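Peer 1: I'd like to ask some things about the structure below.
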Amino acid sequence: FMSSQVEILDWETKKQLCFLDKVEPNATIREIRLMFHKLYPRWYPARQSIKLDPKGKSLRDEEILQHLPVGTTATLYFKDLGPQIGWTTVFLIEYTGPLFIYFLFYFRMTFVYGLDERFTSSPHPVVNLACICHSFHYIKRLIETVFVHRFSRGTMPLRNIVKNCLYYWGFAAWLAYYINHPLYTPPSYGKKQINFAVIMFLLCEAGNFSIHVALSDLRRNGSKTCKIPYPTKNPFTWLFFFVSCPNYTYEVGTWISFTIMTQCVPVGLFTLLCFIQMTIWAKDKHCTYLREFKDYPSHRMPIIPFLL
């Protein structure tokens, strides 16, 4: 094989940033990123978006130079993605906040409701139950982040963390303020409503966890390639027969059950926003599956069986 040459231009100005001579034809994009990083130390590989076309998609790390539609001199375009932060760190920050913020309201810190000692705990058992469920949800998420999730992309832009934290932390404070408020009234149908909601909550949490494990198993050998997820022997994964992203279906179910359990308007609004956001993500993922796999199951919907 003859060695190739790679020219890297700025995606906006089209100015040449570097010219790499004697690049092996079987070099991967990851190796080219590392060569570029040597010349420009401030642009570490996670900050680099390398494209074939200035307006095109970023090339994946594992793509090989000789398999790309380029001549002996390959012209690639570089875009700076800005400072990056690892996904594991992102999730740990996002999910630790709501856990502790909720407790400030649950323990009715005097600076929150400005009360005397008589009001430090709630007379309604559902308030304690809501705290247990909310804490369980975020502790489960933290455990999954550390032990279950495998990320196809290692990082996300640092600026996004502020937006994400405002969303998760802000909503946790808003929900907790109303659920733990001294004037909070328990659900209309009492124990029946609460028990139904708790059972639904636990089933959805188990389902969500099962899906995350099944998705993680697809990447067990450290592979980054996209694969079609299929149902396993675990009945919770059978939702894969009908939807592309059952983890989101279960997640929305979790928050619907929390809304039923607490019968609280802010929880309902948070659930609605969650549903809208997750539908967008699910549709996006569904389209990726359809684009990548010609044999993708045609009856699957993005998030709600037979509907959406």
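Cβ atoms are placed via backbone N, Cα and C, with glycine included.
Here the structure is a predicted model, which means the values were calculated and not measured.
When I checked TrEMBL for this same protein, it listed these features:
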DOMAIN    5-80  domain 'TECR-like N-terminal'
TRANSMEM  85-107  transmembrane segment
DOMAIN    155-308  domain '3-oxo-5-alpha-steroid 4-dehydrogenase C-terminal'
TRANSMEM  166-184  transmembrane segment
TRANSMEM  196-215  transmembrane segment
TRANSMEM  235-250  transmembrane segment
TRANSMEM  256-276  transmembrane segment
Peer 1: Which one of these stretches, 85-107, 235-250, 256-276, has the most C-beta pairs shorter than 8 Å to the transmembrane segment (196-215)?
Peer 2: 235-250
Peer 1: Per DSSP, what is the helix/strand/coil residue tally across the domain 'TECR-like N-terminal' (5-80)?
Peer 2: 17 helix, 29 strand, 30 coil
Peer 1: Can you tell me which of 85-107, 235-250, 256-276 gets the most C-beta pairs within less than 8 Å of the transmembrane segment (166-184)?
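Peer 2: Between the candidates 85-107, 235-250, 256-276, the best contact partner of the transmembrane segment (166-184) is 85-107.
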Peer 1: Could you tell me what the rest of the chain brings near the transmembrane segment (85-107), counting residues at least six beyond its ends with Cβ under 8 Å?
Peer 2: 120, 127, 131, 134-135, 138-139, 141-142, 145-146, 149, 151, 153-158, 160-161, 164-165, 168-169, 171-173, 175-177, 179-180
